[in-house]
Amino acid sequence: MARTKQTARKSTGGKAPRKQLATKVARKSAPATGGVKKPHRYRPGTVALREIRRYQKSTELLIRKLPFQRLMREIAQDFKTDLRFQSSAVMALQEACESYLVGLFEDTNLCVIHAKRVTIMPKDIQLARRIRGERA
């Protein structure tokens, strides 16, 4: 087979090599014995379990007061305008709402475990509500 002369061709694209940040380059070029220490990371699920224990111990309200109050007033306007609420009424409604949501998530979690999963999906919430008799 005869040799042919190669001609220069225009490149048709492709990705250009990415430039690394100075910190990444320094981290890679640092010797193994000393240099930049990797930040500590907990194993997946450890922080989630810690948060579960923390929130199960606590009794404080988890939804911020002002956003809840704005939402409550917005919903109440659909029924009657210029309604006024005592602060104790707002607190009672928030307590009831959070209690309902916590119970719903507990039931939803049972549905998730029954399905041999660990991730909550909308269908789990729908099933929990259907079993409770809230949604036909």
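A Cβ is built for glycine as well, from the same backbone N, Cα and C atoms used for every other residue.
The N6-(beta-hydroxybutyryl)lysine annotation in Swiss-Prot covers Lys5 (among others) and rests on similarity to another entry. The N6,N6,N6-trimethyllysine feature in Swiss-Prot is assigned to Lys5 (among others); the stated evidence is similarity to another entry. What Swiss-Prot records for Lys10, Lys28, Lys37 (among others) is N6-acetyllysine, and it gives similarity to another entry as the kind of evidence. As annotated by Swiss-Prot, N6,N6-dimethyllysine applies to Lys10 (among others). Annotation comment: Swiss-Prot describes Lys19, Lys28 (among others) as N6-methyllysine. According to Swiss-Prot, the N6-glutaryllysine annotation covers Lys24, Lys116 (among others). Annotation comment: Swiss-Prot describes Lys28 (among others) as N6-lactoyllysine. If you look up Swiss-Prot, you'll see Lys123 (among others) marked as N6-(2-hydroxyisobutyryl)lysine, on the strength of similarity to another entry. Taken from Swiss-Prot, the feature region 'Disordered' covers 1-43.
Cα distances from Lys116 (N6-glutaryllysine) to the modified residues Lys5, Lys37, Lys123 are smallest for Lys123. Sorting the modified residues Lys5, Lys37, Lys116, Lys123 by the number of other Cβ atoms within 10 Å puts Lys123 first.
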